[in-house]
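Worksheet: one structure, shown below.
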């Protein structure tokens, strides 16, 4: 049944319930011909309904469509419904955040933004962001163009080149076909006067296999700086991580929350700097540290500078954990991959993962193509890694706040005030 027909049936039932209209809505003009003895308010309401139906039909295309799977038919309802990635059923968006982005049908944990995690994880009005003024640049000049006039200057007097082909083992003697008695002359059909070319003009013109000589227009990619600006406008973030201090059940914590929406949560120099400063702040203030990971790994646009952040963060964590003996809790969400997994993601004193979270160093396709092996299904999910001992806990999102509170109390971090 088409969606428009279903909505029309619901609309008819709503008219009967509210206004006592028993006539078909296909002929709403008959409502205006009711006798004067009827309720005048009902008559006015009927006119308003008729006016609304006429206006609504003019602004919307109500023609039948044979393809009910047309994505255009549902795009106008994205503000009302959220489709589950697992069971493909719909969840009402107004209640979705109150359920912590957990599918009400199958219990699958869908992605959350950093703003949503702050809202559901921390106490109300306790979030104090830090280091928001740090923004990304182009440190390795990823988008710089080479100077076409630049040439390497070489002075033959200062750096003469001496080369003897007889002493070079890689030198190959050039072959002269005219001096080779075994050389056979190749036949050139263009120079052969007796050669005839057979050509069928009709078959050539009607051939559908003729190559298309038109070149596709070149689509210039956005520069790194333009992409950063675009993600900042779309997400409202300055970078792929938010850092600051807050409270979990009145217990002060230093917390960093990564956001996969910002360039896949990739770790660049700014992300590494913000996390490092957060760790140093927690070290000086003797605060427990929590980092929520959601990242695709190091940011390739910043080259070795992004890889260096792994060592920089790990060094700061060593001082925090080993020298100061403070508590670091790592929370792995889906997806957590690449350099984040290889560094601070797996360095937590307690490592917690969400159910069915995708956690890996390299992706399945990369492993299969590199090592020429088949990666079993589910081998990179949280449940399998928990069985292998790589994780300490798998905690559903709706229980995470209370679990963190109990772990903090267990390690002698208590609330500021007893409620």
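Residue numbers in this text run from 1 along the chain shown.
Positions of Cβ are set from backbone N, Cα and C atoms, glycine also.
Remember, predicted model here, so these are calculated numbers, not experimental data.
Looking just at the domain 'CoA carboxyltransferase N-terminal' (80-419), the mean pLDDT is 85. Marked as domain 'CoA carboxyltransferase N-terminal' by TrEMBL: 80-419.
For residue 106 (Zn(2+) binding site), the count of additional Cβ atoms within 10 Å of its Cβ stands at 12 [all protein chains shown]. Taken from TrEMBL, the feature Zn(2+) binding site covers 84, 87, 103, 106.
Long-range contacts of the zinc finger (84-106) within the same chain, counting only residues at least 6 positions beyond its ends with a Cβ under 8 Å from a Cβ of the stretch, are 112, 116, 119-120, 396-398. Per TrEMBL, zinc finger is recorded for 84-106.
Summarising the environment of residue 84 (Zn(2+) binding site), the number of other Cβ atoms within 10 Å of its Cβ, over all protein chains shown, is 17. The local packing around residue 87 (Zn(2+) binding site), expressed as other Cβ atoms within 10 Å of its Cβ over all shown chains, amounts to 13. Over all protein chains present, the Cβ of residue 103 (Zn(2+) binding site) has 21 other Cβ atoms lying within 10 Å. Note: the Zn(2+) site is recorded as 84, 87, 103, 106; in the same chain, 85, 86, 88, 89, 91, 104, 105, 107, 108 also have Cβ atoms within 8 Å of that site's Cβ centroid.
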